[in-house]
Amino acid sequence: MSNPIYLALDLPQLDAARALAEKVKDHVGGLKLGLEFFCAHGHHGVHEIAHVGLPIFLDLKLHDIPNTVAGAMQAIHVLEPAIVTIHASGGRAMMEDAKAAASANTKVVAVTMLTSLDERDLKRMGVDGSPHDQVLRLAELAEVAGLDGIVCSGQEVDAVHRQWRDGFFVVPGLRPAGSGTGDQKRVVTPRQARDDGASVLVIGRPISRAEDPVAAARSIAATL
Ligand SMILES: O=C(O)c1cc(=O)[nH]c(=O)n1[C@@H]1O[C@H](COP(=O)(O)O)[C@@H](O)[C@H]1O
């Protein structure tokens, strides 16, 4: 069984990101490059990290009118990402056009509700219901739009998996038992997320900021 852990390389320095990826590559299943890295290094940076030889998750959280998101998806074909994120709150048409514009080998998944948000944040944004309700609502929209799956917290993945049996579920906001959560508000352990149906476990700081990133990755993988 392939390793479900994708390391979030949220580092602005290209050399440091590549060195970390090389160091832990035997203990993770993929590498996620997000806005911090991509805004600093763009296509060149993605090509550099791709040389490590692991699948690349390009986490751009695209969110715009359908035509613009489709154009962005076309522009990243050359990077051959295994996974790309868009925001479900961009609506059904945007999601449909994003998937249509993606290359066939790219899984397009929709971020539903950021794991840094809780029910109070939802209410302040004028969204009724619980995070659970909001995630299920947006997951259904993503499924109808023909996406491959969604991003949600480990607190919702079980319910989404029951609603979308063959979906691809990316779960961040993961912390080993007893560790701090930082800016993450909806957090579970990697083992809990995996048991509840996560396809990919996105882990960043618990590995990237560990004293010994290899030991951290190995100890997390050992709990799965
Ligand atoms: O799309 C994501 O990967 C994502 C969605 C979400 O709701 N929450 C979330 O934390 N992420 C990403 O997952 C990673 C979590 O990093 P750590 O909190 O350091 O483990 C970061 O790169 C976030 O951008």
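Keep in mind that glycine also has a Cβ here, set from the backbone N, Cα and C atoms.
Note that TrEMBL annotation is computational and uncurated.
Confidence in the domain 'Orotidine 5'-phosphate decarboxylase' (4-220), given as mean pLDDT, stands at 97. The domain 'Orotidine 5'-phosphate decarboxylase' feature in TrEMBL is assigned to 4-220.
Taken from TrEMBL, the feature substrate binding site applies to D10, K32, 59-68, T115, R175, Q184, 204-205. Following the DSSP three-state reduction, the secondary structure of L60 (substrate binding site) is strand. A simple way to gauge crowding: the CB of L60 (substrate binding site) has 19 other CB atoms within 10 angstroms, across all the protein chains here.
Just so you know, the Cβ of K61 (active site, proton donor) picks up 15 other Cβ atoms within 10 Å once every protein chain is counted. Annotated active site, proton donor per TrEMBL: K61, in sequence order.
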Around ligand 1, within a Cβ distance of under 6 Å, which of the binding-site residues L60, H63, P66 show up?
none
Ten-angstrom check, please: count other Cβ atoms within 10 Å of the Cβ of H63 (substrate binding site), all chains counted.
16
Among all the protein chains here, how many other CB atoms are within 10 A of the CB of G204 (substrate binding site)?
20
Would you mind listing, in sequence order, the residues at least six apart from D10 (substrate binding site) in the same chain with a Cβ closer than 8 Å to its Cβ?
G34, E36, F37, G204, R205, S208
